[in-house]
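A.B. asks: The structure under discussion is supplied below as structure tokens; questions concerning it will follow.
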Amino acid sequence: MEGQNKSITFDGREIRLTTGLYAPQANGSVMIECGDTSLLVTATKTTKKEVSDFLPLICDYEEKLYAAGRIPGGFMRREGRPPERATLISRLIDRPMRPLFPSWMRDEIQIVASCLSLDERVPADILAVTGASIATLLGEIPFYGPMAAVRVGLIGDDFILNPSYREIEKGDLDIVVAGSKEGIVMIEAGANQLSEQDTIEAIDFGYEAVSELIKSQEDLLKDLGIKQVKPSEPEEDKTLPSFLEKNCTKPIELVLKKFDLSKEERDLELEKIKVETQGKIESLKDDNQLKVLLSENDKLLSSDFKKLTKKLMRSQIINDGKRVDGRDLDEVRKISASAGILPKRVHGSALFQRGLTQVLSTTTLGTPSDAQEMDDLNPSTEKTYLHHYNFPPYSVGETRPMRTPGRREIGHGALAERAIIPVLPGKETFPYVLRVVSEVLSSNGSTSMGSVCGSTLSLLDAGVPLKAPVSGTAMGLIKEGKEVRILTDIQGIEDFLGDMDFKVAGTDKGITALQMDMKITGLPVSIISDAIKKARPARLHILEKMQEAIEKPQETLSPHAPRLLSFRIDPELIGTVIGPGGRTIKGITERTNTKIDIEDGGIVTIASHDGAAAEEAQKIIEGLTRKVHEGEIFPGVVTRIIPIGAFVEILPGKEGMVHISQLSEARVERVEDVVRQGDEVTVRVREIDSRGRINLTLRGVGQNGGMSYPEPTPTPVAPLS
């Protein structure tokens, strides 16, 4: 077997491509490599037997732990359900690819990106997106490509192209920009309250790099002698569109101009027009061309009716500057917000509503042991902030089986999670693991941004000291030729019939998350810049409404939330606290009924529903780790007697021994003649031997229990900051 090897020099790195060797039965395949990261990306097209009204595109990213030299956990020692990370990368591939396939295409297309080797310096997701474009082009599948993606980071004042995992964690920006020759088709970003201008500059910087990769793909096709298959739309039968335009245009326009209609009322009136039109067609003679056409494809009427509705709604926005609910283009829907709506068994709760979109968010405070362990290829081993998004069928007035979360729910939850992370407090000041759940109770557009707003309110109600509140809004776009209209706070019908869904979240200081999806083949940076700038006043307006519900974190936590104490010990003394086989720390937890977590850096977190118990555990640990010095005097309790002396606990968990010769100035025959177990005595540290054992004495020390002794000298450690 022989393949063809090509390479692309990009940003000082070599991207290696191998074609014609792997997966020979796929329409197109490429092994794309950079550093030690290797992915096999395939594109396969099959003819769909059933007629549908959408493009059946499937994009899958799969990762196997052998790519990082690891064996899966669990009894089976085999990968199971795709982890959340794989689902998010699958969406990252799908979102820029989907708008670049022709809208009329109905063949099944599946793109599979398999991570075969992972280098922590080269994240696999960006290679997977670019590889999807290359595989599709090589497979000669109709496609408005090439398309490519890059990641942009920001460290200090410098943008970094395709940063490593460590650089991503270190920087203030993580943005993925995907584009075609026509412009940008997808953006996904998380940022540390970055200004709008800096964000726009990062997008521009990224698209310049995307253009280089697009040119490289065109050169690759020339080198391989492959001619790109440009989509050629089949000739459409105009019979039905002409009939609908003649019979339905005015009735639809009247409905779209009834600004006082609710979503349900508008949908019912449009459905009524469609049903009446269907009745007219059914009354035609059996040999009528239109009736024959619909008998062959019963979905055609709904499809073409939607197209006409879309055309008329867009025309109304372009020409009249009015939306279907009567709002101006930059107007936000009515907002209501409230916090603390559930009993305090739920640690924090809030209800956020914008128009007909309504989200209930709850916050649960957990202990460090509640952190989610990550069993995937991400270098991060655990998550301490979780956001779960649920979209039940009743939220859109439908009935269907309720399953496990799908890709959409996982993606929306991840976006809301990313928007909040930059404002969370450090674990040194607030060591709780946080889980927020957003339940979409009613949906009419922008539920993910409603979840961001609800999350903020819920976290504040739970007493989480956020650095700043976060709000979000979804921006839309109508583009007809050179005419462009940007819409603020889009609702469901505008999302469905528009060209862009651009979600922007942030604080009053700057942006924390972006997500842009297109339905056209690309937008210039200038239009995207305009949308970002117009989102800011909308976000600030929403923030004002949110702060009317709750302005700052609750001063006290729910009485049902665990109490945590966090402090630092010398990392070298961690073993002392844990003890042989974990006996010491187990004894402390059993004695105080607490949960104790110790990190490698020496941060100790104690969890308990009883604050006094947590403080007792802290005293024991501090006693174990406190250094004792010769000459110090302590009150203590005799814990046990042996023939040659007595053991005395001088600090919680720390004992020393008084040799029989040190019990008294006079000769002592039996230890029990002087002290017994449980006696309270005052002792002085005589010496600390080479093995760290503490030797004590009662000689020369008064036993009145009221004498003074030196204040404990704490072990010098770094402060918790």
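Sequential numbering from 1, following the chain as shown.
Backbone N, Cα and C define each Cβ position, glycine as well.
Keep in mind that what you see is a predicted model, and the values were worked out from it rather than measured.
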A.B. asks: Check each of the ranges 2-21, 222-241, 262-281, 702-721 against Swiss-Prot and return the one annotated as region 'Disordered'.
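C.D. replies: Result: 702-721 is the stretch Swiss-Prot calls region 'Disordered'.
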A.B. asks: Across the whole of the domain 'KH' (562-621), what does the mean pLDDT come to? Round it, please.
C.D. replies: 91
A.B. asks: To which of the binding-site residues ASP495, ASP501 does the lowest count of other Cβ atoms within 10 Å belong?
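C.D. replies: Taking ASP495, ASP501 as the binding-site residues, the minimal 10 Å Cβ count falls on ASP495.
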